[in-house]
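Worksheet: the structure to be examined is printed underneath.
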């Protein structure tokens, strides 16, 4: 694999390197040599396609950054949302934010802006970007794996709180995913090098000559490891865990108990987990679908079709696969917004602060109809992680008296919500109004 370590720029590096060898830029033969004309046709986008790609990637980058920043703000700011599962979702948002910042802009800049596809960001950025890109994708994939284990344990050990993933354990798992991702991406920090091509233009790509004659074999082994550990193993784990979860959920019943309150608590937890599982399954399925075309195009097809660089419109094919993979970082916040009322309310709250000129219908509903929100709080009772054993009895994100008036003495965030605070109510008991 070339620059990018399995995150999408490797095939582009191969394409541009081959193109630079054939096209003979700035030479009179460019319009005379049929082979060069064909390569121009394959490797150069039309001006209209360039503008379309620039517009698409610019919108994608802004949406990815904005959405994942909102996810981070909502979880970090509201203390009651700092549950074990949400800590893992926070880590996933950080990984998607890294992809948004380091993968999307730098992967297409040199091809869309400059026809000679030069590298403009210097030697240090050449090595650092390849490392950060690969690390971010590993982090995203294995965070999904940890989330699947969290949901699996919540279902399998519903009546055994000590076995569940607590917030402290979630932090340990987050640290483990970072260490693993850094170690897996570390080789790219030393093998990706800045160089000048035969035309004297700055370029960036992998150089495995450090390993001597076995460099090519080492590269193939590393590429295979990246494909297996970045995609195959995570997807296999996700399929196994969620299949087991599905079988367990739909075929199990909550055991009878003499204590009615305890039984109700277990039933509520079971139902809440059943609501959450489809959301994380959807996130995992979209990860598989979004990344599969690009990984096949990078790691599988070149092994069976070495002449892939001579395929007509290969660059268009690559942009489609790359754009689809990058769009996964945007869809996760959208899923949270659609599937979970708490995230939706938090998004509306922070969006009203960041973009005060925009009016949100649901935010108006929450702020203008406080009493209605309390009467219909089941409508807004989406729970992110109701099964964390270390979670304290839940309250609303802002505290209200029973009359529905804001109790500013007990509200840590009263200054944020001002006179018309955002209401996020957790439905734990009939008497839990505060």
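From the backbone N, Cα and C atoms, a Cβ is placed for every residue, glycine too.
Annotated features, as they stand in Swiss-Prot:
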type	residues	note
TOPO_DOM	1-55	topological domain 'Extracellular'
TRANSMEM	56-76	transmembrane segment
TOPO_DOM	77-86	topological domain 'Cytoplasmic'
TRANSMEM	87-107	transmembrane segment
TOPO_DOM	108-128	topological domain 'Extracellular'
DISULFID	126-204	disulfide bond
TRANSMEM	129-149	transmembrane segment
TOPO_DOM	150-169	topological domain 'Cytoplasmic'
TRANSMEM	170-190	transmembrane segment
TOPO_DOM	191-226	topological domain 'Extracellular'
CARBOHYD	207	N-linked glycosylation site
TRANSMEM	227-247	transmembrane segment
TOPO_DOM	248-277	topological domain 'Cytoplasmic'
TRANSMEM	278-298	transmembrane segment
TOPO_DOM	299-310	topological domain 'Extracellular'
TRANSMEM	311-331	transmembrane segment
TOPO_DOM	332-434	topological domain 'Cytoplasmic'
Local confidence of the prediction over the topological domain 'Extracellular' (1-55), expressed as mean pLDDT: 49
Cβ atoms near residue 204 (disulfide bond) (within 10 Å, other residues, all chains): 27
Cβ-Cβ neighbours of residue 126 (disulfide bond) (radius 10 Å): 20
Packing count at the residue listed as 'N-linked glycosylation site' (other Cβ atoms within 10 Å of its Cβ): 14
Cα distance (Å, whole number) from the residue listed as 'N-linked glycosylation site' to residue 126 (disulfide bond): 12
The topological domain 'Cytoplasmic' (77-86): DSSP-derived helix, strand, coil residue counts: 7 helix, 0 strand, 3 coil
Secondary-structure category, per DSSP, in which the residue listed as 'N-linked glycosylation site' falls: coil
